[in-house]
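Enquirer: First the structure, which I've put down as structure tokens, then a few questions once you've had a look.
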Amino acid sequence: MGSVTGAVLKTLLLLSTQNWNRVEAGNSYDCDDPLVSALPQASFSSSSELSSSHGPGFARLNRRDGAGGWSPLVSNKYQWLQIDLGERMEVTAVATQGGYGSSNWVTSYLLMFSDSGWNWKQYRQEDSIWGFSGNANADSVVYYRLQPSIKARFLRFLPLEWNPKGRIGMRIEVFGCAYRSEVVDLDGKSSLLYRFDQKSLSPIKDIISLKFKTLQSDGILLHREGPNGDHITLQLRRGRLFLLINSGEAKLPSTSTLVNLTLGSLLDDQHWHSVLIQRLGKQVNFTVDEHRHHFHAQGEFNFVNLDYEISFGGIPAPGKSVSFPHRNFHGCLENLYYNGVDIIDLAKQQKPQIIAMGNVSFSCSQPQSMPVTFLSSRSYLALPDFSGEEEVSATFQFRTWNKAGLLLFSELQLVSGGILLFLSDGKLKLNLYQPGKLPSDITAGVGLNDGQWHSVSLSAKKNHLSVAVDGQLASAAPPLGPEQIYSDGTYYFGGCPDKSFGSKCKSPLGGFQGCMRLISIGGRVVDLISVQQGSLGNFSDLQIDSCGISDRCSPNYCEHGGECSQSWSAFHCNCTNTGYRGATCHNSIYEQSCEAYKHRGNTSGFYYIDSDGSGPLEPFLLYCNMTETTWTIIQHNGSELTRVRNTNPENPYAGFFEYVASMEQLQVTINRAEHCEQEFTYYCKKSRLVNKQDGTPLSWWVGRTNETQTYWGGSSPDLQKCTCGLEGNCIDSQYYCNCDADRNEWTNDTGLLSYKEHLPVTKIVITDTGRLHSEAAYKLGPLLCRGDRSFWNSASFDTEASYLHFPTFHGELSADVSFFFKTTASSGVFLENLGITDFIRIELRSPTVVTFSFDVGNGPFEISVQSPNHFNDNQWHHVRIERNMKEATLQVDQLTPKTQPAPADGHVLLQLNSQLFVGGTATRQRGFLGCIRSLQLNGMTLDLEERAQVTPEVQPGCRGHCSSYGKLCRNGGKCRERPIGFFCDCTFSAYTGPFCSNEISAYFGSGSSVIYNFQENYLLSKNSSSHAASFHGDMKLSREMIKFSFRTTRTPSLLLFVSSFYKEYLSVIIAKMVRSLQIRYKLNRYQDPDVVNFDFKNMADGQLHHIVINREEGVVFIEIDNNTRRQVHLSSGTEFSAVKSLVLGRILACGPRGVGKCIPLTMMSHVKLFIWQPSIITLRFKTFMIFSKVLLLLAHITFPLCRALTADHSGTIDDKEPLANAIKSDSAVIGGLIAVVIFILLCITAIAVRIYQQKRLYKRSEAKRSENVESAEAVLKSELNIQNAVNENQKEYFF
């Protein structure tokens, strides 16, 4: 119901916005009347004219009067053509032509508008486009629709470029209609108070609309409040609009914390700005000019709770008080409507609902303030000192974004040097420059590059120098001595002319870029019109009678909380601590899933996940368990067992679960996963889940859909059952849950909730613990998700004419595309989307070149990445592109990214309208042959497999991942294909883990060992008279390969011993005296063993050593520490017969016959072992893996002791370790580790008991064996008795 209500409110908001736009635009649906053709000659003016027949009055479209159009005397960028429409009109379109029958036409121009004929404002498209494209010949008409339209009386066309073989020539037409408005002028002390009837209010809907213009940067536009601190205020502060809303939950805080929303900038420019505030319930739209923000008001906010009056322009009502500083508004308001009521019209008619406070007039005054814009660092304005006084005196106001630049230079008479007034790091500095003397500096102000108007007053008279900024006098410089300061007669504002003019002007930090106004010299205001007409001073690269400053950080195009800063011509985004990167902080630095981290080669640990990539959701921290299957683990605050008593349906218990991620983040993560689950355990004693009589649920849980769920672990959503009900093993067969048996003893219902659409669990409600001895407890496990459907989502394109199509891609201001591809073709288009003129295209241009082409209205651009290796190698390659307002980038794999900066003040909106083609083009030419995987546009994955299932010549899925990811399988692990993805098979590796990178190792104390039996002896135990060969003759090994590593400081040490039933063996030991390595092979019981000694180094030095033994029949290849190699030919035989066991650590090595004492060989070492014998059947490999897992368990328990043995650092550190080091001290993690350790210790205790029993049997057996050591059958039977005394399936023994 809530979602339906929200949809209705949004629809009403949209309709009200459209209705307001119709009112605001006047008759915009029928507003295309030509406005110029009927104007009198006096309505046209220009900067100059070539002749009387080239005057501005001949500039009407399609007319041939005079010379056939307007042409100025000189063709330069300071010329203009002006039209006076007689009154304010709404202008919706313009059209241009060149001069009739001539070579005179304009190829680009600026359009400016004004209400008064001065203080002009440039019309901009897309908030950044300054110029319009003009004509390519003299007669064709170029037409532009203005969106938004202009409401103004005066228009100016400023040619920027023209036909280089001709001169400036223009004929123009303007289209639009009359514009009607109601205006009120407030002088900063006046305001309007509107009191209305309660019945006229809507309980859910409020709309306020108005226009304003002002030269003041601060003022209250509207204010309404209630008795409990509720209020709504629209306030202009520092040229920005703040919408302040307080819902009455707290008293009005300070203004620094009160601001709810800010829009607009530089609104104190004496031009009209429109405002719209719409409320439907708690949904609020706030619009300033073309920028809109939607938000949800907090608390029980409702305009109906406010007083039945609202003030405009100030807070005039007696008794009203606010705790934040404010000023009344000084300027003009237009078309002021409150819920459809024309407030200004009521005031004009002096209706009783309106109270006018102070001096209110109904026409807008036009204060004359003529600014000048310094467009570039080469701009300057040179003015004479016409005061005639022997001093340097100047005042002016300026605004800029640049931190540095020259404001004023004046050369001095009598003494060489000059006075420099300049900005440095946002501070004003006054410098008296005299060659041969130390400069005299005064510093004033701070942060003066904030875009606000700042006033400067400079005075240098005789030998005193002073400067004031914003009315604050800086510390005056000390007297300068006997020298007198006299101006040389010229003041240079904003910069210096070229040295060729002979000026001594100095500009150490470059020219000023910004605006100045109210310039006066010696107390006399400078007439900038005279400057513009060339009769006063001279200038370069100025725009007079207009301030062309723009706020490039409003709106803020830095995404994800990036901090925006700017200069005159560009903005910069600081992405520090945002988790994003790029020119606009668009791309996340984190992966979107644990699966993606895994396939970068990362191991288990804590990671930040950005589930929607470049979307609006923030990254969050979770744990990735990188096993053969990748598990995402998301914790919550309810992992402990919680007990519940004394509840009933009237007094229920509600437990809430808060996760480390928001519900939106969880939803995206769950949707990406292949499977999700949560284990829920409900313990109960006389606490039911369902009422038996009427089936009413007595306990239930709530998921992310906020719906009540009554099914429990293992059940599907449509069944009110528990796991035991599904499996048919409930303690009472009458019920589907154990708890419903209602017994006075503890039982539980435990199971996995795995219906993704309902996960995670956010709440549990329990109502049946109010009876005597009734109690319940519950425990909810973390949310577990595995896999990533998006990461492996792929399609195979079989022909060049095949493609998939999707809806139009919308990435107007910022767009990112990423995907994987693999192919054997030399070229092909991956992706294409077209507009009328705009487009994007990504293609394989050649076997070594990937190209990104695009056009956003500034002409086509191309970026290419060239690789030294071919891309058509049938391996996966990763392509990432981004286009934003500042630049476009292309990166392929880990190659250096290529960047194309966006043109300054060019088009920025990417406007596409065709379908998005993947794997081909609309023309079915140059299609892609191969596979595309994990295609994402602005963080959203396109389902290629779903679309491929219904598209001919395109197949869902793509195999062959091992060709690209096989290198992730290390240490002999083999990459195996899956229908989705791959895995590393570590069967033939002495390592484990998802990439066979976790070593299998163990710490052996003195006297400890591990025995692994290769063969069963059950048949032999039943027939003890048979010889070993009768049963083990098929186990003859003609080759084996053994790899292991160790470290020890003990001698003698047995590292490895392999024995057979025929007293054949292989041993690797460290001799006691020389501490050297000795390898013995005895492959014939009747011959002496072959002995290989390596006495070149101490092998018991506590360092890690690596051994490789590879035997092929009678030839043995031995390698030590990857550098010492030896090949040995055996004389004792070529085959191992009836291999019995492998021993690590300790064995009883008995002496010659007659010696009754056995000498133990002990070992203290770090061992990792791998044995490979191709002739052993598969069952033996599986058996050996059991041994590997046992070693791994030992490594987990004792490996730190082994590592502490020596300070060896021969291992490498993965540079992609997870972000977990700082989190390992977390109490929850420590608690979990303690629980694991306790569990392992219990297991070890159980094993120790079994070992002790086994050792007793072993000692008894050894005693019997020593009686007849020569009898092979006796020894064999003795060992079989040991084996049969323990579990028949156990094949590993620990001592």
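Using N, Cα and C of the backbone, Cβ positions are placed for all residues, glycine too.
Heads up, TrEMBL stuff is auto-annotated, nobody curated it.
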Enquirer: State the disulphide partner of Cys931 as given in TrEMBL, choosing from Cys958, Cys962.
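Expert: It is Cys958, per the disulfide annotation in TrEMBL.
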Enquirer: Give the sequence-ordered list of residues that share a chain with Cys958 (disulfide bond), lie 6 or more positions from it, and have CB atoms under 8 Å from its CB.
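Expert: Once residues fewer than 6 apart are set aside, Cys958 (disulfide bond) is near Ser794, Ala795, Ser796, Lys822, Cys931, Arg933.
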Enquirer: Which residue counts does DSSP yield for the domain 'EGF-like' (549-586) in the helix, strand and coil classes, in that order?
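Expert: Across the domain 'EGF-like' (549-586), the residues distribute as 0 helix, 10 strand, 28 coil.
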Enquirer: Counting Cβ pairs under 8 Å to the domain 'EGF-like' (549-586), which of 31-177, 793-958, 959-997 comes out on top?
Expert: 793-958
Enquirer: Which whole-number mean pLDDT does the model give the domain 'Laminin G' (370-547)?
Expert: 84
Enquirer: Kindly report the helix/strand/coil residue split of the domain 'EGF-like' (959-997) according to DSSP, in that order.
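Expert: Looking at the domain 'EGF-like' (959-997) with DSSP, the answer is 7 helix, 10 strand, 22 coil.
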